[in-house]
Amino acid sequence: MGKEKTHINIVVIGHVDSGKSTTTGHLIYKLGGIDKRVIERFEKEAAEMNKRSFKYAWVLDKLKAERERGITIDIALWKFETTKYYCTVIDAPGHRDFIKNMITGTSQADCAVLIIDSTTGGFEAGISKDGQTREHALLAFTLGVKQMICCCNKMDATTPKYSKARYDEIVKEVSSYLKKVGYNPDKIPFVPISGFEGDNMIERSTNLDWYKGPTLLEALDQINEPKRPSDKPLRLPLQDVYKIGGIGTVPVGRVETGVLKPGMVVTFGPSGLTTEVKSVEMHHEALQEALPGDNVGFNVKNVAVKDLKRGYVASNSKDDPAKEAASFTSQVIIMNHPGQIGNGYAPVLDCHTSHIAVKFAELVTKIDRRSGKELEKEPKFLKNGDAGMVKMIPTKPMVVETFSEYPPLGRFAVRDMRQTVAVGVIKNVEKKDPTGAKVTKAAAKKK
């Protein structure tokens, strides 16, 4: 069997008609876990509906529709394999909650695949002031997705077809734009492809013989292997807490950093409750250690279900335990707020698994979101497209961390009026020590 391949997560971004679904569908179709029978069914339906426009996008549309109807689709459908990696497409925009998902995301993307429409007019629409290409790229960079592959798509529909001049023009323009966002364009492969015809997706295309770089598949294989943060102190945000007869209280969540082991003494922030972990399970099997990315349930001694809540964070009592945040300062980008945001604004913050109202206590500075340079001290307000440093105070106890130390606990979405109005990363946190926190007997013995 040999060593298992490393898993990586990919997020596909780009303007609405750039061909994201066709390209992603094509990869999944050719390299993925979709059953041939399912594909044949899709093809037949597509033909009946005269959607010659294609089985690939159709595959993805079907998957999306089923996902939105709440039918859990076998997640294998969103996976495909390269020579080196197992790739999972964690979300494709166009999905209503894309921005929120990308931030509170069940997983951090290791690489963004930016799809550009190379056709006349199509490219210009995508990169224009209000095109989504800019917003998505900025979002990916702000949230720490440092690797990118850029696909110049629809090369079969440029004038003339497969035009090198058009490709060069796009590379130049997109490079200068990505540089402003913060990426280094010299490190980004620009692959000319046709997601529809299949040129340069998996095999080299003779239509593009002027291009000497990698195919999309080769570019995916060249992604730098992600480092998983198992050497950091433990952080495990709780998703749920169950009471299981004969076993007791079982909190459930995903290890974001560090390691969780049976016998460990854990402290739950923000309350400071401290207890011993009896056992750790994943998919109903006992684990000797849980690592970042593992979704686990663990049994804790002498703790009532009511003492723990979704949004609490389990940590190692002896290694930088999680604490309540009295306040924190974040770099925030306002994305779609219709008005002006000033001191006293009180939206809801979605950060890891917690969902808590916070107050914008103080707008500290307004900054240039590309260079990070300060534009104005103590601005009166921030509006759409602005970035700023903001001091926030939670209205209820919550745990957050700086983005640099614990990335998944240091990025958030600001929600208001049922949409994401801003995104942010946390620069520093003022923590407060718990008062009168309960320490169970088992934990006290181990001290």
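Placement of Cβ uses the backbone N, Cα and C atoms for every residue, glycine included.
Which of 70-74, 220-224, 380-384, 400-404 counts as region 'G2' depends on Swiss-Prot, and there it is 70-74.
Among the residue ranges 1-4, 153-156, 157-160, 417-420, the one that Swiss-Prot annotates as region 'G4' is 153-156.
The Cβ of M155 (GTP binding site) has S118, K161, Y162, S163, Y167, P192, I193, S194, D199, N200, N207, L208 as same-chain neighbours under 8 Å, each 6 or more residues away in sequence. Among the listed recorded positions, namely K20, K79, K187, K306, K396, the Cβ with the most fellow Cβ atoms inside 10 Å is that of K20. For the pair E362 (5-glutamyl glycerylphosphorylethanolamine) and K396 (N6,N6,N6-trimethyllysine), the C-alpha distance works out to 18 angstrom. Within 10 Å of the Cβ of G14 (GTP binding site) there are 27 other Cβ atoms, across all protein chains. M155 (GTP binding site) carries a helical DSSP state (H, G or I).
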